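In what follows, a structure is listed as structure tokens, so that the remarks can point back to it.
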């Protein structure tokens, strides 16, 4: 039977909202119950200690996840479903709301898309003239540098879907979001090519493990 301490995260969420909870408290709500000799709060802390972070837990594969005492295939399936629902929610939010009005949603969307990638992925969000999402495309994979990213391919795709604006994004698997000189050079080349076709590059976001670096917010566009 769960003790009062085990119920605290649920009560805290109802009183203060989910943002007020720590990682282990959120995980405890997801797990719901502990195992023999280990109440859910303790289990949650043990799981996070084992993986090292919430990020590592969420990006673990089935074998690694289910190898931890107290976790199993049911929780793995539920977690995968929750992650996918989050991605779809954010995408639907972006389809219905002008992106420029909600930059935090864009960051969250890109984090869910790219933060777990082990290789660099270059993604482009194609937007209409009201800055609503038309579609997203992963255009380039592998080491992202000037020779690997082709502005003409991006502009060709933008013209095909009648995009009026673009948001560029790529991840740094290292987790370090500071842009390199190559990142800045790529951005400038794409921006110059887009301007020739009267297409606006709104931002270039570098995605790390838990946050994003915005070129626009740092006056690099």
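Backbone N, Cα and C define each Cβ position, glycine as well.
A quick note: this is a predicted structure, and the numbers were derived from the prediction, not measured.
Helix, strand and coil counts under DSSP for the domain 'MPN' (99-221) come to 41 helix, 34 strand, 48 coil. Annotated domain 'MPN' per Swiss-Prot: 99-221, in sequence order, evidence recorded as sequence analysis.
The average pLDDT computed for the motif 'JAMM motif' (170-183) is 90. Residues annotated as motif 'JAMM motif' in Swiss-Prot: 170-183.
Per Swiss-Prot, Zn(2+) binding site is recorded for 170, 172, 183, and the stated evidence type is sequence analysis. Counting every protein chain shown, 24 other Cβ atoms lie within 10 Å of the Cβ of residue 170 (Zn(2+) binding site).
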Count of other CB atoms lying within 10 Å of the CB belonging to residue 172 (Zn(2+) binding site): 21
Cβ neighbour count within 10 Å of residue 183 (Zn(2+) binding site): 22
